[in-house]
There are 2 protein chains.
Amino acid sequence: MVRRSGRRPGNQDTKQSILEAARQVFAERGFDKASIRAIAGDAGVDPALVHHYFGTKEKLFLASMNSPVDPSELLPAALSGPREEAGLRLVRLVLGIWDSPAGAAAVALMRSAMSNEWTARLLREFVVTQVLRRAVAELGIDEKEAPLRSALMATQIAGLAVVRYILKVEPVASADAEQLVAAVGPSVQRYLTDDLPGVF
Amino acid sequence: MVRRSGRRPGNQDTKQSILEAARQVFAERGFDKASIRAIAGDAGVDPALVHHYFGTKEKLFLASMNSPVDPSELLPAALSGPREEAGLRLVRLVLGIWDSPAGAAAVALMRSAMSNEWTARLLREFVVTQVLRRAVAELGIDEKEAPLRSALMATQIAGLAVVRYILKVEPVASADAEQLVAAVGPSVQRYLTDDLPGVF
């Protein structure tokens, strides 16, 4: 075996192995079916060590994606309050994150997901299990309608991010955030809670 | 000078040089300010040759982007008919293209635009000058409101494409096209023609 120069076994290598195994397992099995045990097995470490370094499965998932934010910390405030304004609050939250220093990491993640099937799977799992599932539960959306409603919401929010931050189509690219909240919020609200004739 | 092996000067090389010059000039100056003369100059050929091979500036632009479709042929049918259903018809047209064999080229173009600043500029020019500008003119949208309305429409349509064809979030990824037309069409219509309180 060739010892790689300049690197020694240690915490950083172990953490890196766990993160690589986590990306692989989360992408292959999806978030729900991935287990800390399987990830530890792939990384060749004890499951207790995974918990020690990363805490919960959610935290490990966020770390493996280099997520700049933790939706479990940010979503509750956006989701509480009048139900008929949840769309506005969600768009405001998303723009707040992307317009902040964390936005650069979000752009990098989105770009990578566009060109790499594995990152696309991870991003899909992230959006579905960490964002949409919480939104649907908190807003009390009909269980049968929830998957389509939340994926429709994702079309509008992903598109806003792509056009504003990646393709940079004006005037959306440099519009004031509150103008976009007023413009796009009602479309998100429609997907969340309005009647959708011809759909359901 | 080293002569590249296996290639001879000829029509294919000339066409390729013109297409490369076109991509460069369209991305640098934008569609409106790019001229056949400037492109011919960069490619080191006579402008008449560019017209001979590619026809109009529009056709050259589409060829330089590997566009799978020509919006000037497809848009008129989608834009004619009841104005209050233009959103439905536009979503139907977009899904029809992306669900067809041409969809693979559209996915490739979108992916490339996400990771490459130059392709992003070309795609932005394409969307603005070839699609949105026609839609706005045909639908008689207020000139001052048109840029923002059409960019908002782009957020919804780009997002639908990203979620259905690239990230493949279910159930949007495998939904029936007409179900998505019913779901997303009214959001596009809203951006095109509805009052947008807090925006204008």
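Cβ coordinates are placed from backbone N, Cα and C, and glycine is handled just like the others.
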Quiz prompt | Of the residue ranges B:35-54, B:75-94, B:135-154, the one that TrEMBL records as DNA-binding region | solution = B:35-54
Quiz item: Per DSSP, how many helix, strand and coil residues does the DNA-binding region (B:35-54) have?
Solution: 16 helix, 0 strand, 4 coil
Self-check item: Integer mean pLDDT for the DNA-binding region (B:35-54)
Solution: 97
